[in-house]
């Protein structure tokens, strides 16, 4: 067996295609790992009583990929047993109930992968330059994460 | 120095433009140069940061050394995920 096949890898993808949970889990599965943890972010149909028709995502793409790469690097420092990490974020129009982001992490035992997935999505929401616009029936709104590290969103 | 600015498109009315600024200035001074050209951006000063050569820079006293062709982006509050 080629040893290079099982080097720890980061799989980062930002594009306009529908996301696939199967594809993302298959990327991180590894013979030495007993745990794969997944987070899927899906479009919700309501915000503050307004009906959401769909979300539209935009990214400052080269920097978004670089920031996700930094998150992967931090994950590996905090959880050295983590094997593979995959972060796929969809851009453009995402209809209600479809996935906008999938994060998957594999590790030999479950604690690292569970904690790393949580860290990944939380940090993504605080630092990665991606924006979503909620489209309601009669209006739209650019959203602001409360995790955003520079804005006082809850003023 | 000539730098490329990606701007908060809806507010400024432009997506990106090339401007000329001193090679060394603080990040706040750079913001002021941009607002001179697009006064409507002043309204969002408290909500934005820069990304200069794709690294975050807060508006303040940090001294920047810019090169010709550097990309500066104005980053409003993010909402990924």
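FYI, residue positions are counted from 1 along the chain as it appears here.
Heads up, the Cβ atoms here are built off N, Cα and C, so glycines get one too.
Unlike curated records, TrEMBL annotations are generated automatically.
Over in TrEMBL, the protein carries these features:
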type    : residues                                 : note
BINDING : A:109, A:110, A:125, A:132, A:133, A:134 : substrate binding site
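Around residue A:132 (substrate binding site), taking its Cβ as the centre, 23 other Cβ atoms fall within 10 Å, counting all chains. Around residue A:125 (substrate binding site), the C-beta neighbours below 8 angstroms that are at least 6 residues distant in the chain are A:145, A:147, A:148. Using a Cβ-Cβ cut-off of under 8 Å to chain B, none of the binding-site residues A:109, A:110, A:134 qualifies. Of all the Cβ atoms in the protein chains shown, 13 others lie within 10 Å of the Cβ of residue A:110 (substrate binding site).
Residue A:134 (substrate binding site) has a Cβ environment of 21 other Cβ atoms inside 10 Å. Ranked by how many other Cβ atoms sit within 10 Å of their Cβ, the binding-site residues A:109, A:133 place A:109 at the bottom. The secondary structure of residue A:109 (substrate binding site), as reduced to three states from DSSP, is coil rather than helix or strand. Whole-number maximum of the Cα to Cα distances across the substrate-binding residues A:109, A:110, A:125, A:132, A:133, A:134: 38 angstrom.
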